[in-house]
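Copied over from Swiss-Prot, here are the features:
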type	residues	note
ACT_SITE	His37	active site, proton acceptor
ACT_SITE	His144	active site, proton donor
BINDING	Lys32, Arg35, Lys66, Pro67, Val68, Asn69, Thr70, Lys91	substrate binding site
COMPBIAS	28-42	compositional bias 'Basic and acidic residues'
COMPBIAS	43-61	compositional bias 'Polar residues'
SIGNAL	1-25	signal peptide
Amino acid sequence: MGLENSLILFSLLVLVLGWVQPSLGKESSPDKFKRQHMDTEGSSKSSPTYCNQMRSPQEMTKGSCKPVNTFLHEPLEDVQAICSQDKVTCKDGKSNCHKSSSTLHITDCCLKGSSNYPKCNYTTTESQKHIIIACDGNPYVPVHFDASV
C-alpha cells in the first residue's frame, strides 16, 4: 500500500509541476513592457547609434529584426501614471489604451530597409511626443506600447 500511495503522490506532483513549470520562466507583460520600452537613464543623448547599441540588451533582435521599437526616457512612475489618464481606443480596437496628457522624451528605432537578421541596423530618431499605451492588471500598469502622436 505504501509504494502504491507514493506512486500516486509522485504522479500528482509531476502533473502539477507540468502545469506550473511553463509559467515560471515566462516574462510578465509589465516586465516585457519595461524591458522593451523603458530607458530611464535617457542614454540616447542624440547618439545616432543609440538604437543599434540598445538592440541586444533590450532583446529587440531575438530571432528576427523588430521593425520598429520606441524607448521612453521618463521615470517609470510617470509612465505608469498614464494608465489613469485619458482613455482612447487601441489600434487593435481594444478599450484599455490611455494617452499621455503631456509629451514625453522618446526615441524611435526604425529598421533600415537593407538590414537582415542577425545584422539588424536601425535609424535613431529622438522626439517629444504624446504616447498611447495599453494598461492591464491589478495594479493597473503598462503592458503594451501602442503609438506615439
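Glycine is treated like the rest: Cβ placed from N, Cα and C.
His37 (active site, proton acceptor) has its Cα within 10 Å of the Cα of these recorded positions: Asn69, Thr70, His144, taken from Lys66, Asn69, Thr70, His144. Note on the compositional bias 'Basic and acidic residues' (28-42): DSSP counts are 9 helix, 1 strand, 5 coil. In this structure, the binding-site residues under consideration are Lys32, Asn69, Lys91, and the one with the smallest number of other Cβ atoms within 10 Å of its Cβ is Lys91. Proximity note: of the listed binding-site residues (Lys32, Val68, Asn69, Thr70), Lys32 have a CA within 10 Å of the CA of the residue listed as 'active site, proton donor', given in sequence order. Binding residues for substrate (Lys32, Arg35, Lys66, Pro67, Val68, Asn69, Thr70, Lys91) extend across at most 22 Å, taking the greatest CA-CA distance. In this structure, the recorded positions under consideration are Arg35, His37, Lys66, His144, and the one with the smallest number of other Cβ atoms within 10 Å of its Cβ is Arg35.
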